[in-house]
Amino acid sequence: MENSNFYALDLYSGSGAVTLGMKNAGFIVKAAVDFDPKACETYRLNHPEVNLVESDIRDVHLSTFDDLKKNLDLLAVCAPCQPFSSRNRNKMSSDDRVALVLEACRFIEYLQPKFIVFENVPGLERNQVFAELEKFLIGQEYHVSRPEKLDAAELGVPQRRVRMILFAAKSAKLLESAANIQPQARKSVRDAIGDLPSAVERSNSLVDQMHFRRAHSALNLERLRHIPKNGGSRHSLPHHLVLDCHRGIPDHHYPDCYGRMHWEQPAPTLTTGCTDFTKGRYVHPEDDRAITLREAARLQTFPDEYQFAGNSGQIATQIGNAVPPTMMSVIAASIRSALTKGI
Ligand SMILES: C[S@@+](CC[C@H](N)C(=O)[O-])C[C@H]1O[C@@H](n2cnc3c(N)ncnc32)[C@H](O)[C@@H]1O
């Protein structure tokens with residue numbers, strides 16, 4: 001009889017976005033590992049049934065997961081991505097976070113999952129760590145896909161977010177079948193946040209404690225009034241409002257700081273600074289303010305009932321670090337469909 005339960009393990013689970021995506025695709029997530037206390041608090045609030053191991057992954061004893069030995073269908077590995085991003089090229093080999101990708105190897109060797117998905121920023125495939133990973137996987141008798149760039153905007157997420165996805169599977173047919181990921185209808189900023197009420201100042205009486213406008217300085221409010229609605233940029237600022245740090249630099253440097261989102265387009269990539277317009281194009285399409293935490297969470301496809309622990313900065317970090325749950329659920333659905341065929 002076909003076994004319809006598919007078990008998953010989430011390494012570097014953060015706030016649980018990947019877990020949510022896998023659960024939505026029908027996987028039973030048995031366990032997860034992360035060491036960030038606030039992200040783990042968020043994880044427990046939303047996935048109390050999962051065995052979350054709150055620890056530095058390098059200290060985790062594999063025997064903790066004995067029930068998953070040879071019984072693990074999907075292993076998700078979303079190691080910290082900063083060492084590989086184009087903004088950190090000079091840190092690539094010295095940063096010991098690079099080694100965290102390879103930390104997954106001991107889990108793979110011990111648990112022998114049927115399918116593995118690695119998610120990271122494009123750039124990993126150019127790093128020596130990728131060659132080491134591929135060699136290890138082949139040595140463990142895995143078939144390994146070519147690293148593929150996937151844009152979340154093609155997978156039903158109202159945000160451009162290009163990620164490097166690498167698959168490995170015990171069976172070549174399983175790998176081929178799972179890699180056939182179906183594009184989804186595109187979503188815009190309006191689709192995601194257009195129905196939200198106006199954001200007001202923070203107070204205890206707010207119905208949604210994640211939907212409040214940050215206090216901006218009078219000078220910044222004056223700047224925002226000059227940024228054209230719907231996609232405008234700091235290049236429209238009159239000379240006296242241009243920031244000192246932007247004077248005399250080429251136009252293409254920091255083009256997104258103080259920029260507005262566009263209602264009819266996907267949002268730009270949300271980072272951990274996603275509610276701070278000095279860090280990117282994070283101004284509301286028409287209101288003179290940065291997007292709220294609720295808007296950021298929606299643009300990452302977290303449902304409104306998802307609970308976040310921590311202060312505003314910690315929540316923005318969890319949101320910006322996440323793999324959009326919808327992106328993960330589309331990928332995981334493709335893997336589940338391939339596993340269901342029993343190939
Ligand atoms: C890119 S985020 C993963 C996001 C997560 N998959 C999600 O979708 O929300 C990387 C995560 O790795 C965790 N991390 C970094 N170094 C770690 C370590 N040595 N041990 C365990 N977790 C670690 C961080 O706390 C962070 O949550």
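Cβ coordinates come from backbone N, Cα and C, glycine included.
Annotated in TrEMBL:
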- C81: active site (ACT_SITE)
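Annotation note: the residue listed as 'active site' sits in a coil segment as assigned by DSSP. Around the residue listed as 'active site', the same-chain residues at least 6 positions away in sequence with a Cβ under 8 Å from its Cβ are N120, V121, L124.
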